[in-house]
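Engineer: One structure is given below, represented as structure tokens, and several questions about it will come after.
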Protein chains: 2
Amino acid sequence: MQDKRYLMIPGPTPVPPKVVAAMTTPMFGHRTQEFQNLHKDIVTKLQKVFQTKNDIFVLTSSGTGGMETAVANTVSPGDKVLTLVGGKFGERWSELAKAYGAELIEENFEWGTPVNPQIVKDRLAANPDIKVVFATQNETSTGVTNDIESIGKIVADTPALLVVDGVSGVGGIEIKVDEWHVDILTTGSQKSLMLPPGLAVQSVSDKAWQVIENNKSPRYYFDLVKARKSLGKWNTAYTPAVSLFVGLNTSLDMMLEEGLDNVYARHKLLRDAARAAIKALGLKLMTDDNCASPVITSVCAPEGIGADDIRKVLTNEFGITFAGGQAQLKNKIFRVAHMGFADKMDVLIAISGLEMALTRVGYPVELGAGVKAAQQVFLGVQK
Amino acid sequence: MQDKRYLMIPGPTPVPPKVVAAMTTPMFGHRTQEFQNLHKDIVTKLQKVFQTKNDIFVLTSSGTGGMETAVANTVSPGDKVLTLVGGKFGERWSELAKAYGAELIEENFEWGTPVNPQIVKDRLAANPDIKVVFATQNETSTGVTNDIESIGKIVADTPALLVVDGVSGVGGIEIKVDEWHVDILTTGSQKSLMLPPGLAVQSVSDKAWQVIENNKSPRYYFDLVKARKSLGKWNTAYTPAVSLFVGLNTSLDMMLEEGLDNVYARHKLLRDAARAAIKALGLKLMTDDNCASPVITSVCAPEGIGADDIRKVLTNEFGITFAGGQAQLKNKIFRVAHMGFADKMDVLIAISGLEMALTRVGYPVELGAGVKAAQQVFLGVQK
């Protein structure tokens, strides 16, 4: 059936009808009081989500553009930086740092496991000249959420900046920018913030500004110094994606009306239900409970069955899209996002579809067993 | 009255209802056959608008991001480049070239006048090591359209690349990328292409690829080599602004159904009507007829009257937004866009509003005289 589809990938994520409607607002100029008021509203609301008093910039680009903004503004050629890599998005920090001529220390953690803060501490102690530490809040490629609080405490004791990729996490997983000493937090619109792709959002601490102001890498569109000048009048340096700004204001309202604590609790509940269901079906989860992402659940395909074959059945027969594995995880895992505009019944759709798809590909499971486990989590009843 | 408003600035421009509706399509993944088909359709249609067989890239950024893409991919530190400057957007090329460490030759033309191709020829002859020439198709800040055909013929006889900012012109003013030897043409979504801001579009010639492949400037998000690799599979290197892509496909359909020749003729007709009206009201146009932009008409405010006072009345009393002057033209001129989703009655709204606003600010005109002059142009009758 046309349009009866269930998008369960880690971005772009489904956009709530109210946000879609908001984005049909007739176009208006970006050098107007109307835009400035909107911009101020958005920044004020984002500061609540980021738990920060720092300046926040809304950039017209995808999440990677936001990551490049962080690198281009803090890394001068030859600077020593530390990247904490446990998946594809950690690798992106390394690629960006190399593109900007950094002297790179790359610390790898096994895919599916979190960053070990003690190792960060050791590397910083051995290399007191590290200028920036690049971390990932939620490693979407594996479904691991890292302990930014602990990393932040360690980095704060050094002259280094902590830059965090919060692209898939912010809005679904709590992050306390000021309390946890995150100097730059960058995120994207099309994940937990419930918007189409096209915006990146970034907070910048006073400690980061010291570095940014002295940075020597070429940049123009992504220049934060210029962006700060414009932000002073609630303008943007270049033409912003006006319709996405309007949508963002509405999606932030939705989050604040639900209450951020409730938003974060909802994502954890969806995670717990999804994981309980996967376990009940006898499948292996990619991550341990202690680092499992509240916004995405990664599942290993059963031995001898291609994850992408399962995904194909889900799409073709049931209109459900899961994400596949990336790089070395291709065809080995599938990933179910419960990110942003997602609630209980979405998990039940995912699990009941998965049960049928597993049966189709020749891995029979007890139909309904996963659904039951998820239902028990939602009802708060014992197994 | 709420929402009864007339947006007549040179971007963002009004978005047609059909395009707004298209952008409410439920979100879908960008690594799908559905997206790849859409992407291929868009590129094929853009090649018709650009009149080129070159690769075309749709980037998620504003127009300035597209301009930076052109610079970051063609200018290595120390390269000699020539910028042709006759307004604010020409200056942007100089700023970008400087940001990337170019040895800059800036050739200035009086604001309101076009580039003199003979001077381009002379500069290239005197500096055979110029690597890139940066030009502006339509200088939005003054309302001048430059003779890209003549500039293209000159640059094609040299090893230099011709990079053209077509941000406000492409889709409203004809440009023949292949025939006129434009190596990189870059444009934005929110002008003549009738979309919200958030996309930049860029064509790249074989001659440009030779330079790009050997370029040494740092870049990642704007890296065209990586973009070309993804384009080979109709993917984008990073998450694209999916909803804007859907809208772009629809706005391109609208343009192709109208017929590109008709689109260009419509813009010229709107220009001719607007200019006839302005002359009939006794106001001074910023540009001569031979270089007057088909998409925007710049008008000098009467002696002793602030252009911004006229604009204020237009906005407050009649819901009409004109653009003001920029930099040294601030409060000296106002600019009326007839760009993209604009037709005859829009010019009549602009002119009749202007007549009333002039009267309000103490510069009485014969009410209806400008309207009559525009009507005569539309009806093809003699004055």
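Placement of Cβ uses the backbone N, Cα and C atoms for every residue, glycine included.
Quick paste from TrEMBL:
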- B:6-327: domain 'Aminotransferase class V' (DOMAIN)
- B:Lys191: N6-(pyridoxal phosphate)lysine (MOD_RES)
- B:Arg335: substrate binding site (BINDING)
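Just tell me what is around each of these and how deep it sits.
Structural biologist: For the domain 'Aminotransferase class V' (B:6-327), the model gives a mean pLDDT of 98.
Sequence-distant contacts of B:Lys191 (N6-(pyridoxal phosphate)lysine), defined as residues of its own chain at least six apart whose C-beta falls under 8 angstroms from its C-beta, comprise B:Pro10, B:Gly11, B:Thr13, B:Gly63, B:Val167, B:Ser168, B:Gly169, B:Val170, B:Gly171, B:Gly172, B:Val295, B:Met339, B:Gly340. B:Lys191 (N6-(pyridoxal phosphate)lysine) carries neither a helix nor a strand DSSP state and counts as coil.
B:Arg335 (substrate binding site) falls within a strand when secondary structure is assigned with DSSP. Around B:Arg335 (substrate binding site), taking its Cβ as the centre, 25 other Cβ atoms fall within 10 Å, counting all chains.
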